[in-house]
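What follows is a short report on a single structure.
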Amino acid sequence: MEAKVQKKHQRKHSGRKAEKKSRKQNEQESDARKRNPRAFAVQSAVRMARTFHRTQDLKTKKHHIPLVDRTPLEPPPIVVVVVGPPKVGKSTLIRCLIKNFTRQKLSDIRGPVTIVSGKKRRITFIESGSDISSMIDLAKVADLALMLIDASFGFEMETFEFLNICQVHGFPRIMGVLTHLDSFKNNKVLSKTKKRLKHRFWTEVYQGAKLFYLSGMVYGEYQTQEVKNLGRFISVMKFRPLVWQTSHPYVLADRMEDLTDPETIRQDPKCDRTVSLYGYLRGTYMKNKSQVHIPGVGDFAVGDLSFLPDPCPLPETLKKRALNEKERLLYAPMAGVGGVVYDKDAVYIDMPGGHVKQQDNAGPTTELVQSLIGTHATLDSKMAASKVSLFSGTAALSQDDVEEDSMQQPTESHVWDPKTHRERRKAVFTGEEEEDDHDDDDDDEEEEEEEEDEEYNEEDENEVEIEKTDPPMKRLKLEQRKEMEETPAFADSDDELEKSEDDEEDEEERGTGNGDSGHCSEDNDDDYGSEEEISDMEEDVASGTNGQRSKASSGQEEEDEEEEDQSYSTAGSLRWKEGLAEKAAEVFLRQQRAAPNLRKLVYGTVVEEEEEEGEEDEEVGGLFRVSRPEKGKRRRADGLDCSRFEPDDSHDWEQEEMLASIRDCFVTGKWEGNTDAATLLKEDDEIYGDFEDLETGEVHKAPANNDDDDQAEGGSDLDHEDEEEPQVKVDDTEAQKNKRLEKKKRLKERFDAEYDDGDATYFDDLKEEMHKQAELNRAEFEDVDDETRVQYEGFRPGMYVRLEIPSLPCEFVTNFDPHYPIILGGLGGSEGNVGYLQMRLKKHRWHSKILKTRDPLILSLGWRRFQTIPMYHIEDHNGRHRLLKYTPEHMHCGASIWGPITPQGTGFLAVQSVSGTQANFRIAATGVVLDLDKSVTIVKKLKLIGYPCKIFKNTSFVQGMFNSVLEVAKFEGASVRTVSGIKGQIKKALRTPAGAFRATFEDRLLMSDIVFLRSWYPVTVPRLYNPVTSLLLPAGQKDTWTGMRTVGQLKHDLGIRNQPNQDSLYKPVVRQPRKFNKLHIPKELQKALPFKSKPKQTQPKARTPRDLQRPAVIREPHERKVAALLSALSTVYNHKKKASRVKQHTAHKEFLKQKDRAEEEKMRRLKDVKKKMYQLMGQKEKKKQKSSLKGASKD
């Protein structure tokens, strides 16, 4: 029988028991503090203050200087740069992250890949190559850098180089990713390697920098959970704005199109190209026609800048927790992903061959595309074969029938337009030329402008549209009216409509009429139905709205129109005359209500780009155009126009109710309580009371009877206490005074409570101020549509823009490689100029060689990469900038270059070469820009040498230093020196020889002395600015750009050996012995010298007197024999003694040899004994271990 499962006890969450238990638990927690309050009291005030200061310091260290948040509501995608050495797994990681976010596989990573990662975030992934140029360019635009490190190999130079590049150009967020961890078989080695790499990474970035571990690969991809964690970190990461990025607009191009005319390319394949580049605008606002720099290409002016629909938009609704499959967008045009591509004048749809063949299964979304692909006849041939019936009951007309009665075919003439700077193809009509002969010069100019607006299409298409299907009645009227101007029947933009309206008004003032109103839209078609009624209605409105025509002429025209209508219409076509006045008034009111462009009314002119932008919005699919003059966005944005009179009979201003409705809009009306003038004056009297005018001495007293009235009427402004006080008149001035004081006190308390924050700090106030500024920035143009907003503030960050750049080198297009990034960096006002720059520079401590002055160096400064020749110098204590031949080893020095003007404080880095990969560290130096002028004069030392030709005591004549009297005159008073250290001064030039001068010295010179003059010579900075044009090189050779070579490289490449300077060679020094004269000290000076320094008079030794000399001894013959014998004996003894000493020494040496041999033999025997003993001990130990193991196993 199964045991009964006992139900678990459920703790009560409410009721008496639960309350009792919670109360008891709270008492236990606070019981210790109650039982022993002294244990929790402050034991040491000093320690408490120290702890408090430490916590405050730690809290303050986390603070950053608050910056104004300028990110738009729809920020651009975050740029994530994947960096690392070759074969470390960069492409694999990008593919895995794309699959994690979008559930799609991308085979080839080429160019930027933009994805939607969340409800409010998009990410652009881009892979950085190992060449230094790509790393430098991408470090300037990166928001996050993923640094891939091969854990099995360790850190490589590319990692440290990229870190140093980031430190110079503004440090983005950096995350490390360790790969190839599956190559470690031992877990202990793996953990040690992880720890070592992590701490080294922290040393380079910052303590606690995030380092991810990708443990291994499964089927060629990283593990799903690890990639998911990495993607989660990327999705929630916050970014701090970098100074250079937030102050400059830039575009990371993800698409490139060549717009050059194919015929021009066929005639000249090397011609400059017109290219359109697409991408998200980042940084700050960009204006049209501004200057941009493309790193690797050069500086260019933007020909046209426009915004397009976002190809990778964020999801519209934010209610869902996660994105659905349709919202997980992927946009990578360079990699061939993204089916529909929007252009300014076209829509490109990527239809692979497999999809085109499946025509039977074509869905409704591709029917239009399939019909366009499968068509056999062109649009022109279809239009030529079509027939149109203008009136009901009449025969259909073909194009041939219309062309017989229509105006003459226009002829084409090429006209140069100075406004748009292009050659326009003008359609010239003979009928218009005849009409122009009768008009004035002013009318000619106006008609030409309007004809250009009508007849020319967009600039990119460069085609001519000609209307040939006017009704016959309209055509006859065109021939009759010689004075009539043409206005667009279907306007391409609102500005054309406004031009036609203004021209109508101008002609009304001159007394001439206009044939068409120009307001023809879809609404008009719906109102009037047929083309016949539209054309007739336009003519009647034009004749009816002209206020300055005479009645006789208008009546005559109406009769003419009636006759023409009878001749061209059927019996039932007279219905259009019914309600003619009401229709004319309605059209006139609609024309007045159509709000014009306010900028045209204020400034008088409208830029032509506005018309083109208006035309863009009217295009459908880049093929068809719909004219909606009244429904455009600009109509809603401009709103009410007060500069035009709009007749409106809906308000009767004689009625009392209508007058009362606007009475409070004037000063005399009843305003709100807090803005009414009378109420404000009363409050002032109550608050401030009596006062005395100090200039006139007049005393002003507040009315006494107003206090209670004010309290009863305006009591809502004060506390409720004021309302509850009784309304009693008090005549006593003391009571009134006390009452006013209480009211002031309450007001002050309320003010303090509203504005005084108890715990608020300066940092909080600063953050609040920045937040308010950000809200103001967002709210300024929040309700304005994009087209109008762009004209005032420029193109804002986050927009997907199209930049048309003319005059790009043809190599940019022919050698285009999507693996290299294309960045369009916006330039400031003066950043397009080139001039002198003063910098502070330091050679990188890891670079192997010191840098030499006048050796070309490649700098990365701002957006640019260019080669220049720096001059290194150092500032002396007296302010002189002395030229240095080489950079100091561990110290900063100054550098002057000729290069592009860049704001002060901008960091830069220098490399000696960008071609290929080098074995050593490639970054040669780093630094910062100090000044932008030529105020620093660099000087170098110059030594002039001369020789004395005549010597007169302390004065000497020196020659060989100068060549003329004029040169000597320039250096009069200069100090000179001899090699021996005697200082002197130049006095005056001599007549002969030329260049000789007289100089005085501290001491008398010798003819062998050498005199030299130390002078400073100004050095000019070489003017070399050579941009690095690496993107123009052929594919596969973009990392082989070489500029100017150094002198050493030239000599090495050309095999030139340095010819040594003969004066610099070391030679044996041959000096003639010199005889110096004896030092002569005058006797007077000897007396003054101390005894130690006085010359000592050494007397020569006197001869020994004869009596003290030893007498010569004359021996006897016997004594001589004895002395000779003793001498012989001593000689024999010395010989024997010497021989015995030699013998003893030889014997001792032999003894030492024998002793060494015996010692060696003894040590050998001892070694053998020890060896045997250790062998026995080892065997015994092994037996003991075996026995212990046997015993353990048995147990």
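From the backbone N, Cα and C atoms, a Cβ is placed for every residue, glycine too.
Keep in mind it's a predicted model, so treat the numbers as computed, not measured.
Annotation source TrEMBL lists compositional bias 'Basic residues' at 1-23, 1137-1146. What TrEMBL lists as compositional bias 'Basic and acidic residues' is 24-34, 465-485, 726-737, 1147-1161. The feature compositional bias 'Acidic residues' is assigned by TrEMBL to 431-464, 492-509, 523-541, 556-566. As annotated by TrEMBL, compositional bias 'Polar residues' applies to 543-555. Annotated domain 'Bms1-type G' per TrEMBL: 75-240, in sequence order. If you look up TrEMBL, you'll see 1-39, 399-574, 689-737, 1088-1109, 1137-1161, 1174-1195 marked as region 'Disordered'.
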(request) Could you tell me how many residues in the compositional bias 'Basic residues' (1137-1146) are helical, how many are strand and how many are coil under DSSP? (result) 10 helix, 0 strand, 0 coil
(message) Limited to the domain 'Bms1-type G' (75-240), I'd like the whole-number average of pLDDT.
(response) 92
(message) Treating G and I as helix alongside H, and B as strand alongside E, what does DSSP give for the region 'Disordered' (1088-1109) in helix, strand and coil?
(response) 1 helix, 0 strand, 21 coil
(request) For the compositional bias 'Basic and acidic residues' (1147-1161), give the DSSP counts of helix residues, strand residues and coil residues. (result) 15 helix, 0 strand, 0 coil
